[in-house]
Amino acid sequence: MSDFINRFWSDYVAVVSLLSILGCVILLWLTARKRVAASADNTTGHVWDEDLREANNPLPMWWVGLFVLTIVFGLGYLAVFPGLGSFRGQSDWTSRGEYEAEVARATQELAPVYAKYAAMPVEEVARDPQARAIGERLFMGNCAQCHGSDARGSKGFPNLTDKDWLHGGTPEKIIETITKGRVGVMPPMAAAVGSPDDVKNVANYVLSLSGEPHDSVRAGLGKSKFTACAACHGIGGVGNQALGAPNLSDRIWLHGYGEAAIIQMINSGKHNEMPAQEGRLTEAQIRMVASYVWGLSNNSAVASTP
Ligand code: HEC
Ligand code: HEC
């Protein structure tokens, strides 16, 4: 398959490559035939730095030999490997093919290791030091860029080491989250709430749910408006894992803390996505990294070896 948008660019690359090699051949041939007229003392007549002269000796044979070899190698390489536009080369080699073969080889080599853990419940895998090491490496390579190398997350990216779950913290739910990904959607709610003052009141009611500092008069006024939110966040803001709606009464804030952050959430809503990993990781790898993640928030269970 070619990445060129049309034939022209493929041909252009091929012609430029071949012309460059031809240029080298011509250069070599010309210099071998024609010598710059030498002066009596066999210098070219160029003088630098007062007395530095350039002798007009022919190229050493070993050097010419290497030059010829380079040209032959270049042509041979272009015949065998892809390099001339979209010509695939005689060997049909592709970097993607090589990568896939390596992945297949590694998967095969690791199969017995994974097979051992496939039969164990996640809780037990999480307790196994070798499995934890594999899980940690998978986490560092695939998850740490978003969730942090200590899995504690950051703004917008949930902390995976606590007991506060958006979508559920059982082994099954964690595996489901990693395999299929998750989308957390909160629509902009300002219109449903009312005036900017109403929005501010609801925000203070939300702060009151977890005992954060708030204006209690505003919180009282905002309480009735929270019915629009309770549809997702539950009565009292305890959250709803089926919808991925966070618990608003636990002082854990995914999108920032305080009145301004909550007002921003109500006005703009949020679309937050955990990308599905099923195309990138095998089922066995997902189970391994899920066990590692489960273990992070169940330290006591992991520490007490059976
Ligand atoms: C591109 C960034 C990104 C990557 C990579 C990523 N995640 Fe996530 N993950 C997120 C976001 C964002 C959320 C929150 C989704 C939401 O708001 O509903 C999330 C949510 C989760 C949750 C659910 C947390 C909860 O409270 O229910 C788990 C578990 C999880 N990720 C594990 C992983 C694992 C394991 C990996 C690596 C295989 C991974 N994630 C890779 C961004 C990412
Ligand atoms: C349709 C369902 C839905 C409704 C209605 C809804 N929310 Fe949300 N809300 C969510 C979801 C889902 C998230 C998590 C977004 C994510 O995954 O990042 C969220 C996140 C939040 C957060 C951020 C929590 C944190 O930990 O940072 C706040 C605050 C919030 N909502 C307040 C409200 C308020 C106040 C209302 C009512 C005015 C409301 N929500 C109505 C679904 C909803």
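Backbone N, Cα and C define each Cβ position, glycine as well.
Record check: TrEMBL places C143, C146, H147 at the heme c 1 site, and the matching candidate among M274, M288 is M274.
Residues of the same chain lying 6 or more positions beyond the ends of the transmembrane segment (61-81) and with a Cβ under 8 Å from any Cβ of it are 17-18, 21, 24-25, 28, 32, 87, 89-91, 93. Taking the centroid of the Cβ atoms of C143, C146, H147, M274 as the heme c 1 site, the other same-chain residues with Cβ within 8 Å of it are A144, Q145, G153, F157, P158, L160.
Proximity of the binding-site residues (C146, C232, M274) to ligand 1: a Cβ under 6 Å from the molecule is found for C146, M274. Annotation for C143 (heme c 1 binding site): spatial neighbours A151, V289, criterion Cβ-Cβ under 8 Å with sequence separation of six or more. The 6 Å Cβ screen around ligand 2 retains nothing from the binding-site residues C146, H147, M274.
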